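What follows is a single structure, written as structure tokens, with notes after it.
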Amino acid sequence: TVQGFDISSYQPSVNFAGAYSAGARFVIIKATEGTSYTNPSFSSQYNGATTATGNYFIRGGYHFAHPGETTGAAQADYFIAHGGGWSGDGITLPGMLDLESEGSNPACWGLSAASMVAWIKAFSDRYHAVTGRYPMLYTNPSWWSSCTGNSNAFVNTNPLVLANRYASAPGTIPGGWPYQTIWQNSDAYAYGGSNNFINGSIDNLKKLATG
């Protein structure tokens, strides 16, 4: 496995050099949420990950989905316009769509399972049409089961980023995916944000970046 981490505006200043020295090789940075929020620290975080003391991270952005508010296509466009796109430079991950509950919002954002699957597909298809890559999907088994009916509609297109924190193993893989591409196993990474592991070697990480 290869160490990585994900960060947001809650970690405005990150010791990327320290994280690299400790073995981290990739970072996923929050870019947007819904169609009205952008991470004010995104540019500095993204640039910091790219130029960390001469060592670079393979890096990408993520979008926190608000499925009940605007269309999947609109949120994909917003994400791409604010740093979430992809390029074939070998160090850019496909964008990640963060699918989970939030605060006082309904657990499934007020959508039926069928409507949620359609929303995710609309986001995914628009992202693919613009960038040439399908986004990674971040979720946990409970949310995916409750909110998509444990849909297997994305198995052949979208890499799975599995959230299963404070566990000794990835555990249940939802949605028919045979394995997780990335496992988020804690929200307390030493250099900020959440702890992640790529499923495989550095070559697997590079392949994820290059497509």
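Backbone N, Cα and C define each Cβ position, glycine as well.
The active site annotation in Swiss-Prot covers D6, E100. Residues annotated as disulfide bond in Swiss-Prot, with experimental evidence given as evidence: C108-C147.
Annotated features taken from Swiss-Prot, shown on the structure.
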residue : record         : Cβ neighbours (10 Å)
D6      : active site    : 25
E100    : active site    : 15
C108    : disulfide bond : 18
C147    : disulfide bond : 25
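Here the CA atom of E100 (active site) lies 8 Å from the CA atom of C108 (disulfide bond). On the backbone, the CA of E100 (active site) and the CA of C147 (disulfide bond) stand 9 Å apart. C147 (disulfide bond) and D6 (active site) are 24 Å apart (CA-CA, integer value). DSSP gives D6 (active site) a strand state.
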